[in-house]
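Database features (Swiss-Prot):
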DNA_BIND  190-249  DNA-binding region
COMPBIAS  325-335  compositional bias 'Low complexity'
COMPBIAS  336-358  compositional bias 'Polar residues'
DOMAIN    27-80  domain 'LIM zinc-binding 1'
DOMAIN    89-143  domain 'LIM zinc-binding 2'
REGION    325-358  region 'Disordered'
Amino acid sequence: MVDIIFNSSFLGDMGDHSKKKSGIAMCVGCGSQIHDQYILRVAPDLEWHAACLKCAECSQYLDETCTCFVRDGKTYCKRDYVRLFGIKCANCNIGFCSSDLVMRARDNVYHMECFRCSVCSRHLLPGDEFSLRDEELLCRADHGLLMEQASAGSPLSPGIIHSRSLHIADPVSVRQPPHRNHVHKQSEKTTRVRTVLNEKQLHTLRTCYNANPRPDALMKEQLVEMTGLSPRVIRVWFQNKRCKDKKRSIFMKQLQQQHHSDKTNLQGLTGTPLVAGSPIRHDNTVQGNPVEVQTYQPPWKALSEFALQSDLDQPAFQQLVSFSESGSMGNSSGSDVTSLSSQLPDTPNSMVASPVDT
């Protein structure tokens with residue numbers, strides 16, 4: 001694909017000097033001599049009449065405002081050139097926009113939605129393993145099934161494999177789609193083989209890690225000799241182990257804080273946790289000195305009740321006198337009763353009780 005930038009040059013009075021220097025200008029489109037005042041020049045040295053420079057597909061006139069593409073001696077506008085010669089999706093055979101994200105498998109380019117297994121139509125995501133066979137994608141499961149059928153010598157199902165050879169490409173990882181505004185080719189890299197450690201190797205690495213989580217270069221060399229692993233595998237194992245332990249310690253710390261918060265918080269209230277003891281028998285005996293309680297009735301209350309009575313009988317009056325004598329402070333006698341009765345009003349019904357502070 002050749003990208004050519006369209007430029008227009010205005011010759012004016014310098015046209016004679018240019019003709020003297022470079023000769024007569026000939027149109028690439030029609031082959032005739034250009035006598036026009038303006039010449040459309042396509043880099044690097046192609047010159048055209050203004051009426052001859054147009055798209056070979058849609059006949060759109062090309063000038064300095066658009067991009068011109070030249071292929072096999074024909075000129076194309078950008079739209080037709082991309083449609084005819086641009087990179088297309090290997091699955092749907094549709095071109096790409098400048099803002100599309102693509103997935104690559106060797107020399108093939110796919111839309112994000114078109115990057116699927118050709119057998120089960122499972123969408124392949126970045127990180128999934130796949131194989132590319134006869135320009136068709138296979139997920140890891142279908143790749144393994146095909147390998148089993150090939151090793152067993154059984155005939156391949158025509159619904160799954162259509163005229164394919166038994167050679168299958170090695171599975172490679174899906175790479176992240178490039179965040180670029182244009183599509184271009186990149187060399188693909190296969191994934192590294194996953195290393196599986198046996199029990200003896202794991203025991204050796206864990207023992208060394210418990211003694212020193214960050215071994216020096218000498219210790220790593222000794223581990224290489226003891227385990228038979230590569231230095232890169234040992235370095236990555238220690239890095240992953242330290243990362244896992246750090247995450248585990250952070251998680252345990254958060255769990256302890258949450259557990260402590262749950263114990264001390266009850267319905268949003270913070271308090272001190274209490275522990276209930278064993279039940280004990282209730283003792284009715286009261287510790288302390290006995291207290292004698294006596295009932296005291298103020299004298300005015302008895303007098304008020306006496307005054308409100310309409311009929312006075314002798315026994316009730318004698319009881320009132322006896323109560324008054326018992327409520328006195330030791331100074332009561334027969335004369336006191338006479339003085340108390342003399343202080344009563346003539347009309348008992350006119351007596352009204354008033355509260356007295358005791």
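Glycine is treated like the rest: Cβ placed from N, Cα and C.
Secondary structure of the domain 'LIM zinc-binding 1' (27-80), assigned with DSSP and counted as helix (H, G, I), strand (E, B) and coil, comes to 3 helix, 19 strand, 32 coil. On the 0 to 100 pLDDT scale, the DNA-binding region (190-249) averages 86 in this prediction. Broken down by DSSP into helix, strand and coil, the DNA-binding region (190-249) contains 43 helix, 0 strand, 17 coil.
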